[in-house]
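Written out below as structure tokens is the structure these notes cover.
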Protein chains: 2
Amino acid sequence: MQELRERILADGEVIGSQVLKVDSFLNHQIDPVFVMRMGQEIASRFAGEGVTRILTVEASGIAVAMAVGLALNAPLVFAKKSRASTQNDSVYTADVYSFTRKEAVHITVSARYLGKDDVVLIVDDFLAHGEAMNGLVNIVHQAGAKLAGAGIIIEKRFQGGGDSLRAQGVRIESLAAITSMEPGKICFAE
Amino acid sequence: MQELRERILADGEVIGSQVLKVDSFLNHQIDPVFVMRMGQEIASRFAGEGVTRILTVEASGIAVAMAVGLALNAPLVFAKKSRASTQNDSVYTADVYSFTRKEAVHITVSARYLGKDDVVLIVDDFLAHGEAMNGLVNIVHQAGAKLAGAGIIIEKRFQGGGDSLRAQGVRIESLAAITSMEPGKICFAE
């Protein structure tokens with residue numbers, strides 16, 4: 001998506017060789033009109049797949065998932081990062097290591113909102129090493145649901161998570177795929 | 001908002017006398033079309049106030065803030081609940097006690113995305129004891145910005161946070177205000 005690549009080049013901040021901050025429109029401040037356009041683009045790539053649920057993980061994925069859910073007219077479910085005292089029914093769980101926060105988090109989805117009759121589109125803002133995505137794929141399998149694939153805003157392809165998932169047969173659609181980056185320079189896959 | 005009160009009565013689950021779960025459409029699963037309608041209703045109540053930024057806190061507030069931001073054509077900023085390693089510029093901070101999670105969390109907003117020229121509308125899913133809202137109001141003051149008010153989906157009025165803020169002169173608009181509740185019974189203001 002050309003508009004996204006231009007926005008990343010204009011506003012993105014590369015820290016070291018591994019971290020890309022896009023806090024001005026996606027991860028801290030959110031440009032809602034632009035996020036809607038990106039959600040519509042992801043939705044168009046999975047139109048006709050019969051998606052019944054959008055699955056994401058709190059927090060940055062929620063705005064994108066909201067946009068995709070509106071475009072596909074499907075409810076979204078966000079995995080919660082810790083088990084709150086208000087959540088005590090039957091849940092699917094996975095452990096996810098965050099390279100950004102340098103800690104493992106436990107993510108949970110209530111069995112009420114994901115089941116074997118669902119066709120699930122996973123949506124997230126970033127795909128890097130694939131830790132969060134593997135956890136979400138695992139949860140879809142626990143639910144016995146069908147996985148339509150994953151729609152991602154920015155894939156840091158050089159970190160390998162996307163290719164590993166593609167090798168497992170998961171369809172991954174990224175709106176921008178970064179092949180390498182360093183401060184002042186970001187290279188995209190065509 | 002009549003539709004919201006009906007949805008709370010149909011789907012809400014009261015636990016003890018203090019906790020209301022609305023996980024089926026707002027706090028875990030999100031009904032994006034309904035959330036858009038609620039966001040538009042909040043936006044209509046603050047139309048003409050010249051709002052330049054929507055401020056919320058991760059995670060459940062993000063979907064509602066996205067809807068309000070679309071309706072008012074303003075960017076949203078979500079306060080982050082812990083200081084990630086990618087966030088190191090100048091920040092506004094507040095400490096917020098969560099009665100749901102029974103722990104205090106540190107919330108932060110980058111000074112890049114909130115400043116003295118902003119007119120801020122705070123948006124959140126719940127207003128209960130007012131801990132999160134007080135933290136967000138504090139952050140608006142730290143930024144030197146003007147506070148237009150707060151738009152809330154569900155106010156648990158009997159927990160006092162809203163009245164305390166109104167007494168400080170903060171304009172609070174709630175789409176549903178609960179005056180008392182117990183398992184099987186929820187009473188709304190007017």
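Note that Cβ sites are derived from N, Cα and C of the backbone, with glycine treated the same way.
Annotated features in TrEMBL:
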| type | residues | note |
| --- | --- | --- |
| BINDING | B:LEU20, B:ASN27, B:LYS156 | xanthine binding site |
| BINDING | B:ALA128, B:HIS129, B:GLY130, B:GLU131, B:ALA132 | 5-phospho-alpha-D-ribose 1-diphosphate binding site |
| DOMAIN | B:40-157 | domain 'Phosphoribosyltransferase' |
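Shown on the structure are the features that TrEMBL records.
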| residue | record | Cβ within 10 Å |
| --- | --- | --- |
| B:LEU20 | xanthine binding site | 18 |
| B:ASN27 | xanthine binding site | 23 |
| B:ALA128 | 5-phospho-alpha-D-ribose 1-diphosphate binding site | 25 |
| B:HIS129 | 5-phospho-alpha-D-ribose 1-diphosphate binding site | 18 |
| B:GLY130 | 5-phospho-alpha-D-ribose 1-diphosphate binding site | 23 |
| B:GLU131 | 5-phospho-alpha-D-ribose 1-diphosphate binding site | 18 |
| B:ALA132 | 5-phospho-alpha-D-ribose 1-diphosphate binding site | 25 |
| B:LYS156 | xanthine binding site | 23 |
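Per-residue pLDDT, averaged across the domain 'Phosphoribosyltransferase' (B:40-157), gives 92. Other than the site residues B:LEU20, B:ASN27, B:LYS156, same-chain residues with C-beta atoms no more than 8 angstroms from the centre of those residues' C-beta atoms, the xanthine site, are B:GLY12, B:VAL19, B:LYS21, B:VAL22, B:ASP125, B:PHE126, B:ALA128, B:ILE154. Checked against B:ALA128 (5-phospho-alpha-D-ribose 1-diphosphate binding site) by C-alpha proximity, the binding-site residues B:LEU20, B:ASN27, B:LYS156 yield B:LYS156 as the nearest. Ranking the binding-site residues B:LEU20, B:ASN27, B:LYS156 by the distance of their Cα atoms from the Cα of B:HIS129 (5-phospho-alpha-D-ribose 1-diphosphate binding site) places B:LYS156 first. For the 5-phospho-alpha-D-ribose 1-diphosphate site, the Cβ centre of B:ALA128, B:HIS129, B:GLY130, B:GLU131, B:ALA132 serves as reference, and the other residues of the chain with Cβ at most 8 Å from it are B:VAL96, B:TYR97, B:PHE99, B:LEU127, B:MET133, B:ASN134, B:GLN159, B:GLY161.
Per DSSP, the secondary structure of the domain 'Phosphoribosyltransferase' (B:40-157) breaks down as 35 helix, 46 strand, 37 coil. For the recorded site, B:ASN27 (xanthine binding site), the DSSP three-state label reads coil. It is 18 Å from the Cα atom of B:GLY130 (5-phospho-alpha-D-ribose 1-diphosphate binding site) to that of B:ASN27 (xanthine binding site).
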